[in-house]
Amino acid sequence: MKYGIAIFPSKTIQDQANALRKRYDPRYSLIPPHLTLKESFEADEETLSETVEELRKIAKETEPFHIQINKVSTFEPVTNTIYFKVEPIQQLNDLHTKLHEGKFDDNQTHPFVPHITIAQDLEHDEFSDILGRLQMEGFNLEDYVDRFQLLYQLDNESWTVYQTFVLGRD
């Protein structure tokens, strides 16, 4: 089965992201707005049990932190994806690193760019128009991160929470 690890932002940020995703993200219905910490990976029952134990340990050792979103950005020219750019901070980078070392495979296909996708799979003209409009809008979003989620993928390709891990606690 496929699993992944993500942070779900507050309802305020999810609502703002979803207002755009409904129109500009064909995968809108598959997963709520999120910040991916670890891309999808395969795990069987035994591996999953070990993964959950390791995630508990990492969560306990990680203190909650704040994230800041001040603008939109893009992965152009690689893809026509537009996202809320999460300002990189040490705590977030450390959490990401812990999920790609030790008992975890380093399955990264790209450098870690903390973000919340708001538009993807756009035609070039639409991409340029939307990006230009969103770059003129001011964004000043802050969130308190005190947990992350282990997700699994269903047969219809949607993702659902398997378990939540609260930071700084058993």
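Placed from the backbone N, Cα and C atoms, the Cβ positions cover glycine too.
Record note: among 75-78, 115-118, 131-134, 139-142, 115-118 is the stretch given as motif 'HXTX 2' by Swiss-Prot. Looking at 34-37, 58-61, 86-89, 158-161, the range annotated in Swiss-Prot as motif 'HXTX 1' turns out to be 34-37. The C-beta environment of HIS115 (active site, proton acceptor), restricted to residues of the same chain at least 6 apart in sequence and closer than 8 Å, consists of LEU35, SER73, TYR83, PHE84, LYS85, VAL86.
For the motif 'HXTX 2' (115-118), the model's average pLDDT works out to 97. Every protein chain shown contributes to the tally, and the Cβ of HIS34 (active site, proton donor) ends up with 21 other Cβ atoms within 10 Å.
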